[in-house]
Amino acid sequence: MSPSIPFSNSSRILIPGTKMDALAQMHFATIDYVIFALLLASSMGIGLYYALSGGRQRTTQEFLLADRSMSCLPVSLSLIATFQSAVAIVGVPAEIYTHGTQYWFIGCAYILGLFIPAHIFIPVFYKLHLTSAYQYLELRFNKPVRICGTVTFIFQTVRSIPDAILRPKQGEDFTGFDLWGAVLATGLVCTLYTTLGGLKAVIWTDVFQTIVMFAGQLAVIVVGVQQTGGVAEVWRKVSEGNRISGIDLNPDPTVEYTFWTLGVGGVFLMLSLYGVNQAQVQRYLSAKTERDAIMSCYMVFPSLQLALALSCVMGLVMFARYCGEDHFHNLGYVLSSQMVLYFVMDMLQGLPGLSGLFISCLFSAALSTISSAFNSLATVTMEDLIKPHCPSMTEARATLLSKGLACSYGLLCLAMAYLTHLMSDSVLQTAFKIFGMVGGPLLGVFSLGLFFPWANSTGALVGLGSGLAMAFWVGIGSIVTSTSGGLAAVSQFNCTAVQLSGNITTAMGTALISTAMPTVTHSRPMGLQRFYSLSFMWYSALNSFTVVITGLVVSFLTGPMKAEEVTPGTLYPLLGNMLFFVPDKLKQKLCCVTPLGHGVRQQSTLTVQDCIR
């Protein structure tokens, strides 16, 4: 699964008029139910196929890593499916509708965000023959660091799943569809095919679900453009509404969407997802060869760009549809994330099957995210928390226990989804704000181990703790200081939003859009309040740098790690490549271990050439 990018999905958009009459006309037809049922049946069928074919999931190697037999194409499509959650499908169009196309510049971050994992993280992890990414932390540091990393990942993943499960339920008002029943069916089907078919089933259902996601979004865009008056009319309306954004080079880190927050801060967010997240690393490790793993990472790039383009274009078409005199009155009070579902039902009513296709698209995104989460949670629990304490466990028993873990996590997350549904929106969003930022500290502790030979286990533990403390501090401070919120004014016929305060919509903020509002000027936040206003796109960078800097300082104070103490193969010679101007003797001390072999601690006698290789 992919830890979700936080959108301001709690914001309400207020547009004069009522929507209830329009909602009364929007219901699923029989064919829509059939299409949704086919999605669940196909996903379940893939799981049963891999449960009954091949090795029949009798070993942990097959159940958790697909026998390391996957080619680059299905792995790449599974990587994009894990990333493209239901939160993103409804969140990105709402962001484009509200703020314009500035968010589209996050596509620039995909370049380094995939290039660095392909050439740094994947080669190191693959050569070490890992099953869990957190095995690396024990090889590089010690067991306590590994356990802390594992527990942090479990906490982050279990926290994020309820939102992925519940996100499609927001369309219940618009479809007449009992989406609680659909959510329950989706969760149970996902739990069953993940438990029965293992990682092979997860990857191949991801492939199928990716195709459904793209088809659903494309259908909505094509019909929406046609009903809005064509491409030229859409372009005219979004241009007049100032939704086509140029490059904003504002260096202010408190502004949510600028080139720097998206193009630079987004790189660290991508690295936390595609570099060290267990769900993604597990897919790299399931590839036949290291080359297949690297190629799968490269092949994700066009798929990610396509997914981003479809979501952004949908937001623009939605804006063109509702920000004009003909349809402006239809929307009423709607959560910004619900707008996408309202738009879909509005566009596709009278076209049987297409509404069901998009809802299937939304549930496909949810299925791919939560199935990846269940499988990766079972993997890290078995490999990091159980196996080290039960070395004599038989392979058959370990496989059975892994399946039991996947099933248990599935049922646990369904229960959490129900409890989450009972919370008030404010409590729910507060929980997401506090617990949604641990990817940065994990990226930091992996970077500390990979790039700094002298970092020791004490530095890693203290650094990880300081990174998590920083995440909580900024998160809680942001929640406390964002209660005043910001407002935006919008004119009825061109919907040109005007920002009235410094941070119009944070992950906890509320954006209220209405007609005829006076211009309000707020003072710029200062001191700690300004620090708490930091754009969420910088959270991963801030927290990872906190881990690295704290870890290095503590390592030097407690005694840097010596050459003979570092496991060969756990370092990437970044410093050896960058410090070309440093004398050879000093460079040999800095690059103290050759990146050859693994699993054995040994004395190193290196040349500079060994260090650079």
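Placement of Cβ uses the backbone N, Cα and C atoms for every residue, glycine included.
The structure displayed is predicted, hence computed values, not measured ones.
The feature transmembrane segment is assigned by TrEMBL to 33-52 (among others). Residues of the same chain lying 6 or more positions beyond the ends of the transmembrane segment (33-52) and with a Cβ under 8 Å from any Cβ of it are 177, 182, 185-186, 189-190, 192-194, 196-198, 200-201, 204-205, 208-209, 212, 353, 356-357, 359-360, 363-364, 367.
Look at TrEMBL and you will find 72-92 (among others) tagged as transmembrane segment.
Residues or ranges marked as transmembrane segment in TrEMBL: 104-126 (among others).
Taken from TrEMBL, the feature transmembrane segment applies to 147-165 (among others).
Packing against the transmembrane segment (177-196) from elsewhere in the chain are residues 28, 32-33, 36, 40, 43-44, 46-48, 50-51, 57, 165-166, 168-169, 171, 202, 205, 359, 363, 366-367, 370-371, 374-375, 403, 406-407, 410-411, 413-414, 417: each is 6 or more residues past its ends and has a CB under 8 Å from a CB in it. The transmembrane segment annotation in TrEMBL covers 177-196 (among others).
Taken from TrEMBL, the feature transmembrane segment covers 257-276 (among others).
If you look up TrEMBL, you'll see 297-322 (among others) marked as transmembrane segment.
Under the heading transmembrane segment, TrEMBL lists 357-380 (among others). Within its own chain, the transmembrane segment (357-380) has Cβ neighbours under 8 Å at 1-2, 28, 32, 35-36, 38-39, 43, 64, 78, 81-82, 84-86, 88-90, 131-134, 150, 153-154, 157-158, 160-161, 164-165, 167-168, 171, 175, 177, 182, 186-187, 189-191, 193-195, 198-199, 202, 205-206, 208-210, 212-213, 215-217, 219-220, 278-279, 282, 341, 344, 348, 402-403, 405-406, 409-410, 413, counting only residues six or more beyond its boundaries.
Feature annotation from TrEMBL assigns transmembrane segment to 400-419 (among others).
Per TrEMBL, transmembrane segment is recorded for 431-454 (among others).
Residues or ranges marked as transmembrane segment in TrEMBL: 460-481 (among others).
Annotation source TrEMBL lists transmembrane segment at 536-557 (among others).
Sequence-distant contacts of the transmembrane segment (297-322) (same chain, at least 6 residues past either end, Cβ-Cβ under 8 Å): 15, 72-73, 76-77, 79-80, 83-84, 88-89, 92-97, 101, 103-104, 106-107, 110-111, 114, 117-118, 122, 210, 213-214, 217-218, 220-221, 224-225, 227-228, 233-234, 237-238, 241, 243, 274, 284, 328, 330-331, 339-340, 343, 346-347, 495. Contact between the transmembrane segment (104-126) and the transmembrane segment (400-419) is not supported: fewer than 3 Cβ pairs lie under 8 Å, counting only residues 6 or more apart in sequence. Relative to the transmembrane segment (257-276), the listed stretch 536-557 leads the set 72-92, 147-165, 400-419, 536-557 in CB pairs under 8 A. The list of residues near the transmembrane segment (536-557) in space but at least 6 beyond its ends in sequence, with Cβ under 8 angstroms from a Cβ of it, reads 6, 253, 256-257, 261-262, 264-266, 268-269, 271-272, 437-441, 443-445, 447-448, 452, 454-456, 458-460, 462-464, 466-468, 470-471, 474, 506-507.
Away from its own ends, the transmembrane segment (400-419) comes close to residues 57, 60, 63-64, 158, 161-162, 165-166, 183-184, 187-188, 190-191, 194-196, 370, 373-375, 377-379, 381-382, 386, 393 of its chain (Cβ-Cβ under 8 Å, at least six residues beyond either end).
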